Each structure stands twice: as structure tokens, then as C-alpha cells.
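Chemist: TrEMBL lists 12-37, 63-86, 98-122, 128-146, 158-178 with the feature transmembrane segment.
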């Protein structure tokens, strides 16, 4: 086997890694939204082990991420991911030994993705975080007006109950946001393939 064959193998591995990273990066917006909710609800101390990465992740973040993965499977999104891999050869031919990894446009696009992931995560978590913020204000007023009440004992159960109720109410909007997130993920993967192939 010659050096060109190994170069093609490395190129295919890099393309696959970048496509997988793009998909995972966008889906991590759901987990980031759960992290924002957990931080406000007081769940940031209670973490669970993520079976994929083996690291500790926030409770609500892991729940929303599992929900997003199950929704992806139920909407046949994994078929679209496989289609994306299949059609990647039209952007990056099999015999093309070089990809445009050092392209400024690719770096700029990935930076735009990063900013948008944070924005989407904030938008998904905003309703629950706003309700919890109002709960904090109400608990602060109660603590000032009723000094005999131990707010630390009462506050945690109240915030947990409010966060669960608010999350249950907001699940409809989170469902719609995750659907739009999937559409954006497929578009982002297509754009990354176009940038890697040098067609943009």
C-alpha cells in the first residue's frame, strides 16, 4: 500500500470526525440548556454519570439530552444522518486527497455555530430559568417579612417543585425547539461538507 492510500484514509477519518463533531456540538445545546436550568434550580450539586462520555453531567441536562436523542430516533433523524454521510461524497470525492481544514471560512462558520449553540440553549432554558428567578425573588421577600421561617429548609423543596412543574409546562416548546435544532443540525453538516470540499 502506498502513501496516497493512507492519506485518503486519514482524510476520510477527518471528514467523519468533523461531521460527528458538528452533530454532537449542536445537540449539546440541549444539554447546555439543562445545565442552565440545573444551576438556577439548585441541582448543580447533583450530577449523574453520562454513559457516552463517562463524565458527570447535570441531571436536567442529561434528561433533556436523552429526550432529544429519543426524539431524533422517533423522527427517523438517524436515517438523515446516514444520508448525509452518503451524500458527503458528492461534496468531497473519494479520490480527493486534500480537504480545506485550514480554511478561514470553516473556522468562521464553526465560531458562528458556537455562538448560535449558546443562544439556542439560552432560549430553550429561558422560560424555566425566568420562573425560578421569580421564585427566588418571592422567597427573598418571604425571608424578609417572616424572619422566623428558615428559608434554606423551605427554599430547596419549593425550587425543586417549581422547576419540575415549569419544566413539564415548557416541554411543548422544548419539543418544537429540538425539532428546529435537528433541521439546523442537518443544514450545518451540509455546510461543513461544502466548506471542506472547497465548493464555498
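Placement of Cβ uses the backbone N, Cα and C atoms for every residue, glycine included.
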Chemist: Using a Cβ-Cβ cut-off of under 8 Å, list the residues of the same chain that are 6+ residues beyond the ends of the transmembrane segment (12-37) and lie near it.
Modeler: 43-44, 57-65, 67-69, 72, 81, 84-85, 88, 92, 99, 101, 113-114, 117-118, 120-122, 124-125, 128-129, 132, 163, 167, 174, 178, 181, 184-185, 188-189, 192-193, 196
Chemist: Among 98-122, 128-146, 158-178, point out the range having the most Cβ pairs under 8 angstroms from the transmembrane segment (63-86).
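Modeler: Answer is 158-178, with the largest number of Cβ pairs below 8 Å.
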